[in-house]
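**Q** Let me give you the structure first, and then I'll get to my questions.
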Amino acid sequence: MNQQLLKEKVAAAVLEHVPENITLGVGSGSTVLCFIEALKQAKRQFRDIVAASETSSKALEAAGFRVRDLNACDPPDIYVDGADEINDDKIMIKGGGAALTREKIIASAAKEFICIIDESKKVAQLGRFPVAVEVIPMARSYVAREIVKLGAEPRWRQGVVTDNGHWILDVHYLDLTAAERMEARINTIAGVVECGIFAQRRADKVLMSQSDGEIVLW
């Protein structure tokens, strides 16, 4: 089973965990786009929907859903999103699509966070995928120098501007053995908007599609 089919399978499977008539938070990324398509096919109805990226908002609206601002509705009952990496402790690396700040805001506001992945995203140790750090543009060089002091290698993702109007540094070789402390440390650097370590607000449930066709919940 190829990766696209695995994404579609887990996106359909999570519908069993998402009741109608709730406030739903929707993340971003390729697996989430499959989830939006599954919502459309199932003709689900929700009280409100909030989205973590402009891309997801447009996909939801194209599927017939009305997207609300987080300030204009109740906190999400459930937030569904993917991950670039996730470990057994449900700590994630996110931000490959540059939507990490809005993803973390909605995840933090939500009562329950369900992460949907295919088996390629499950790792024994975090860090193979670089950690995205959203920065205010004028602070890029300063933040990069501070990150070097942490023993890591920041690289500017040139040409990418986030939905918030900021830039992204992709941080390689970051020591994530104490991911929660590293998340807090990076977020104390002046000019950092948010980082893509999701340790303080990790997933509550994970649904993973395997190449044998099974869906694993943990």
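Cβ coordinates are placed from backbone N, Cα and C, and glycine is handled just like the others.
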**Q** Do you know which of K9, K58, K121 Swiss-Prot groups with S28, G29, S30, T31, D81, G82, A83, D84, K94, G95, G96, G97 in the substrate site?
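**A** Swiss-Prot lists S28, G29, S30, T31, D81, G82, A83, D84, K94, G95, G96, G97 binding substrate, and from K9, K58, K121 it also lists K121.
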**Q** By the count of other Cβ atoms within 10 Å, pick out the sparsest of the recorded positions D81, E103.
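**A** Counting other Cβ atoms within 10 Å of each of the recorded positions D81, E103, the minimum falls on D81.
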**Q** Enter the number of other CB atoms within 10 angstroms of the CB of G96 (substrate binding site).
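**A** For G96 (substrate binding site), the count of other Cβ atoms within 10 Å is 21.
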**Q** Can you check which residue among the binding-site residues S28, S30 has the largest number of Cβ atoms within 10 Å of its own?
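**A** Answer by Cβ density within 10 Å: S28.
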